[in-house]
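Below is one structure, written out as structure tokens; the observations come after it.
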Amino acid sequence: MEEINKMFGTVVVGVGIAGLARIRDLMNPMPSSPSEHLKLLGFVSRRSFGSINEAKQISLEDALRSREIHAAFISTENRSHEETIRMFLEAGKHVLVEYPMALSAKAAHELWEMAEQKDKVLHVEHIELLTEEYKQLKKEVAGKDLVKGTLHFTGSVLDEKKAGFPAFSGIARLTWLIDLFGDLTVTSATREEQKDKNYSRMTVHFQTANKKPLTWIEERGPGMRREKKINFCFTSGCLENFPQAPRSAVGLFMQDQNLFAKKLLGQVSKEELAAEKWRILRCLDLAETIQQHCEQPEKICS
């Protein structure tokens, strides 16, 4: 158990939307929360800012070398997560990374192994599990017998070179399905693209452990509203709308940051850590299987 007054020097790497939220939350931790044990010592960016709200810009080399920095928050584009995690783990730092932690299952397993060998915390942000909307949905689904279900996500265009294949960039949806319905196997997956229109639609069919069908659709195109539609049918009836949920008093990134700080302080049980590791790696394994299915040449049916 870490001593209670221990402070962890942190650096934020990448200052897009998530990185800026991280800087804000590290500078204004929730009173008497685990986050008070995190001290922001600077941020790293390819662009030059000088400073952002008192936080000063430092070089990647200095961040890796500094003995004051114990942990890195990695908020770069998806494509560079793997390499950045590897550098900070090799430098002996704890790591918090935005999802997806990597764009291949093999890399994810290797990085996790590396963190364990070095006895460092590797924490992957999955704020989609922390929303009030999701918490209510989970309560609603608990104890019911699934007959079949669909989760359909729409959103604006993503640059795939930076964000990765849709099964990885959209892994938050996969995380929901696994967390709600347990382990899944992929029965088929296809993808329709209209490159000239910047349109993409990925359709994945799963089976639950009880052989019930689940469908995940990830659809992106210009001007598409960001929204999720559900249709989960149970033996007791169908759920087609999200249950009403209050707004959370604590921001999602702050909740996630508190969880990371709890891990650094040794306050999360081995069971919870093991379940989380299984879920994260399982979702990445499935994302890779989905990508392989989608990229197979079409089989001609005679």
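Every residue, even glycine, has its Cβ placed from backbone N, Cα and C.
Record features (TrEMBL):
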| type | residues | note |
| --- | --- | --- |
| BINDING | VAL15, GLY16, ILE17, ALA18, SER45, ARG46, ARG47, TYR99 | NADP(+) binding site |
| BINDING | CYS283, CYS294 | Zn(2+) binding site |
| DOMAIN | 9-126 | domain 'Gfo/Idh/MocA-like oxidoreductase N-terminal' |
| DOMAIN | 134-246 | domain 'Biliverdin reductase catalytic' |
Hey, how far is VAL15 (NADP(+) binding site) from CYS283 (Zn(2+) binding site), Cα to Cα, in Å?
26
With DSSP, how much of the domain 'Biliverdin reductase catalytic' (134-246) is helix, how much strand and how much coil, in residues?
30 helix, 50 strand, 33 coil
Would you report the average pLDDT that the model assigns to the domain 'Gfo/Idh/MocA-like oxidoreductase N-terminal' (9-126)?
97
Max Cα distance spanning VAL15, GLY16, ILE17, ALA18, SER45, ARG46, ARG47, TYR99 (NADP(+) binders), Å?
22
Counting Cβ atoms within 10 Å of each Cβ, the densest environment among the binding-site residues ILE17, CYS294 belongs to CYS294
Sparsest-packed of the listed binding-site residues (VAL15, ALA18, CYS283) - C-beta count within 10 angstroms
ALA18
Please work out which residue of ARG46, ARG47 has the most C-beta neighbours within 10 angstroms of its C-beta, and give that one of the binding-site residues.
ARG46
DSSP-assigned states of the domain 'Gfo/Idh/MocA-like oxidoreductase N-terminal' (9-126) in counts, ordered helix, strand, coil
47 helix, 32 strand, 39 coil
Rounded Cα separation (Å) that holds between ILE17 (NADP(+) binding site) and CYS294 (Zn(2+) binding site)
30
Its Cβ having more other Cβ atoms within 10 Å than any other among the binding-site residues GLY16, SER45, TYR99, the winner is TYR99
